[in-house]
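Asker: Pulled from TrEMBL, these are the listed features:
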BINDING   R350  substrate binding site
DOMAIN    35-340  domain 'Aminotransferase class V'
MOD_RES   K199  N6-(pyridoxal phosphate)lysine
Amino acid sequence: MTTYATLNPRQRLLMGPGPSTVPDRILRAIGSPTLGHLDPQYIQYMDETCQMMRDVFVTKNQLTFPVSGTGMAGMEAILVNLIEPGDEVIVCINGVFGGRMKDNMQRCGATVHVVEVPWGQTFTDEAIAEAVSKHPKATMLGIVHAETSTGALQPIQGISKIVHDAGMLLAVDAVTSLGGHELKVDDWNIDAIYSGTQKCLSCPPGLSPVSFSPAAIEKMEARKTPSQSWYLDVSMLKNYYTGGGASSGARAYHHTAPINMVYALREALQIVLEEGLEKRIARHRTVHLDLRKGLEELGLTYIPENSLSTLNCVATPEGINEAAIRTRLLNEYDIEIGGGLGVFAGKAWRIGLMGYGATHRNVVTLLSALKECMSST
Ligand SMILES: *Cc1c(COP(=O)(O)O)cnc(C)c1O
């Protein structure tokens, strides 16, 4: 019989595009006793988690809950419920994650109109206005707030007005912005939004916070055909997460909630709220500027439009073996950073400063390790 070594993962400093380093406080929360998913004590924790999620999304949307699965499951939960076969939709692509939205929209049976700008750039209000007037029958526009593949931060407010003036819904990927950048779901009039736990919330991967506006709920309730996904069918999930509006508050079992992951998310959201959203966003900004200064002193340059604090996309110097440097960072210094994706594959490093990991101390640690590796690889 094979014998296996005891599980003993190394303590890494996770400074890539996610997951980010998880504080012990959250790991301890995961280790709390597992309750049943209909236990009143658990339901209370879950309700508190959803309320804290509303506070962090800055929304009053009743239908705000953690989808069982990572960020991509949150994306799919939104698209399979808001799109019916035959719908026309618009998607904005300026990196990897807009491309995934497009793929998923097509699988929902939509006719997808693509608006594209080169990787790294963001969309102007004019570009969106043009797309919207060209496709007036579209029911929804999908866009990424923080493109983790390029470091681009997309302004949302102007776009939101254009999309709503045309009578469409706005769906937003906020996986790398929630908890690290300003994001106001109600003020910005976002109809459907998904995020992830393992980026700026510093929680292990496994849940996707989502929120739906009343207009999004209306669109779902008007469906002629049930959603193609049984697991992600929000019309059933809402009976568990919100009691379906039933005055008894009774919760209908759909699937077993990932109990201990919800503990982790609750703890993570509590940490965010204890720090305060504004202070947390300012911290990400300060630490980003810190890192930017240090990287530029090392002679590295950012991808021109990098506007994210949470993800720093820097061009790798000509003539160096960028993958070998990442391997050395990991093996000799226990530091993980990311390589480039798509058009930036082999040409960029992606350095995350997310949540608990966004500290001056981590910036100093990474800069000195990177300097050593770059001088001798
Ligand atoms: C990480 C990320 C995702 C994917 O989320 P998973 O948790 O890997 O499923 C989606 N969108 C953006 C912008 C991301 O950074």
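Just so it is clear, glycine is given a Cβ too, placed from its N, Cα and C backbone atoms.
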Asker: On a count of neighbouring CB atoms within 10 A, which of the recorded positions K199, R350 is highest?
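Answerer: Result of the Cβ crowding comparison: K199.
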Asker: Within the domain 'Aminotransferase class V' (35-340), what mean pLDDT does the predicted structure show?
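Answerer: When the pLDDT values over the domain 'Aminotransferase class V' (35-340) are averaged, the result is 96.
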Asker: In whole Å, note down how far the CA of R350 (substrate binding site) lies from the CA of the residue listed as 'N6-(pyridoxal phosphate)lysine'.
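Answerer: On Cα coordinates alone, these residues lie 13 Å apart.
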Asker: Check the residue listed as 'N6-(pyridoxal phosphate)lysine' against DSSP and tell me helix, strand or coil, would you?
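Answerer: The three-state answer is coil.
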